[in-house]
Structures are given as C-alpha cells and as structure tokens.
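Step one of this worksheet: look at the structure below.
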Amino acid sequence: MAAQFSEDQQDTMNPIKAQAVPSAPPAVKGSYRSVSQGYDNVPDIEVGVGDAVDAHVQRQMRLGFIRKVYGILTCQLALTTIVCSVLALNGACRRFVMTTPSLMYIGMFGSFGVLFALMAFKNQHPLNAQLLFVWTLMEAYTVGVVCASYTAAGQGRIVVEALVLTAAIFASLTLYTVYSKRDWSFMEAGLSSGLLLLIFWGLFSLFFPALAGGLYSLFGALLFSGFIIFDTWQITERLGYDDHILASITLYLDILNLFLFILRLLSRDRN
C-alpha cells in the first residue's frame, strides 16, 4: 500500500537588510533646512526590494523543485510502461512470469527493503538515484505481472482502458489542484484514516473474499484520487526543496494504486 510522506521543510534566504539613511548636517539656511527634513523623511525602500527579491528567489526554487519531481516521475512511469508492455505483450515473457509467481513476491516484498534503504539515503547522490531505479524496477515488475495475467485471460483491452482512465484522472486532478490555489491540508487526517481502513479491509478480504468486491475497488480508487490532490498540493506548497525523491515516490505510488483499483473495478464490471 501507499505510504505517505509529508514534512514541512523550507530553506529561505535572508532578506536584504535596510541601510540607515545618514542624517544631514545642521542647516544654516531655511531652504537647506527644508531639504534636510524632506531627506530624513524619505521612506527606506530597501526593505521592500529585499522582500521582493526573496519572494522571487523562493518562487524560482519552488518551480525548480516541481520540475525535478515531475521529471523523475516521468522517468519512473516510462520505465513502468515499458516493463508492463513487454511482460504483457511478449508471449515468451508472459509465459515466464505466469509460471514463476515467486518472482512477483520477491519483487513485492523486496521493494519494501529497497524503499527503507532509499529513505535512509535519500540525500546521498548517486546512491539515491540507483536505489530509486531498483525500487521502480521492482514495482514495475509487480504491476507487469498483473497486466500479464489480465492479458493471458483475454482482458488486455481492460488494461488499456484502465491506463487511459488513470492518465486522464491524474492530469485532471493535478491541473485542478494547481489552479484552484486552495489549501488542501484539511484532507490529511481523512486520507490517513481512509488508508488504514483500506489496509484492514484488504486483510479481512484474504479470509473473506466476498469483501473484496466492487465497493472495495471503488473506495480504493476514490481514496488514491484524494491522495493525488493532497500530494500535489504538498509538492507545490509544503515540501522542502530536498524532498524531490520522496515527492516522486509518493505520486508514483498514488498513480500505481489508482491504476490497479480502476483495473479491478473494470474487471469486475465486465465479469
């Protein structure tokens, strides 16, 4: 399940300090005195200039952070799409993954270990990039096995439909969150509670398969749609500039989980 990470870290630059305007010497004539008094009353504009420069720098740093996050996310999604396509469309690869299910469990549980290592070394380049690649590859293989199983069952069209729907929902929610300019922090408690409910619901469904019906899939799809909104808001407003690895992982997991729940929902609807 998706793990959510959020932390309020802001690196700020000190504003330019205002310099004191030197006082004029005592005036000896009336006209000079009036000029001196007017000079002393001139407002110090350097404070305002400093604030404007600081705001501009912060804005540029935030934009650079956002570009880095979505650049990493694009690479992750591209790698996942390639792996899933090969496993689902290539007959030999599809037969291999279908006859060796143990590899899927190795990838599934191994990804947790790599993820913990990635969190520990998230700021150590290039180790963080290498761990991120390995972790993404494991996640991609796990999802690829799911896609291959649907294709082998003659439901390859559903996989494509789920992919298109996921892309459309993600793009729509991202644009809405960015342009709405709303504060979505109020969603945090509800999403955390919903995630716990989804986890326990999934565990109970292992013993009572009837619980994992369409309602479960619909709830999961709605929950991770909410996570996309919340995590997008965090990236644009809250997360620190060094959290690009955490941010890309969070959004990547949101998208994968949304795709898998939509896939389950479409499959049950067709059946």
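Heads up, the Cβ atoms here are built off N, Cα and C, so glycines get one too.
Those TrEMBL annotations? Automatic predictions, nothing curated.
So that you can see what the record holds, here are the features copied from TrEMBL:
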{"type": "REGION", "residues": "1-32", "note": "region 'Disordered'"}
{"type": "TRANSMEM", "residues": "69-90", "note": "transmembrane segment"}
{"type": "TRANSMEM", "residues": "102-121", "note": "transmembrane segment"}
{"type": "TRANSMEM", "residues": "133-152", "note": "transmembrane segment"}
{"type": "TRANSMEM", "residues": "158-179", "note": "transmembrane segment"}
{"type": "TRANSMEM", "residues": "191-208", "note": "transmembrane segment"}
{"type": "TRANSMEM", "residues": "245-266", "note": "transmembrane segment"}
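By number of Cβ pairs under 8 Å, the transmembrane segment (245-266) is matched best by 158-179 from the list 102-121, 133-152, 158-179, 191-208. Only pairs six or more apart in sequence are counted, and the transmembrane segment (69-90) with the transmembrane segment (133-152) gives three or more Cβ pairs under 8 Å, enough to call it a contact.
Proximity of distant same-chain residues to the transmembrane segment (102-121), defined by a Cβ-Cβ separation under 8 Å and at least 6 residues beyond the stretch ends, is recorded for 3, 127-128, 131-132, 134-135, 138-139, 141-142, 145, 245-246, 249. Sequence-distant neighbours of the transmembrane segment (158-179) (same chain, 6+ residues past either end, Cβ-Cβ under 8 Å): 88, 147, 150-151, 225, 228-229, 232-233, 236, 255, 258-259, 262-263, 266-267, 270.
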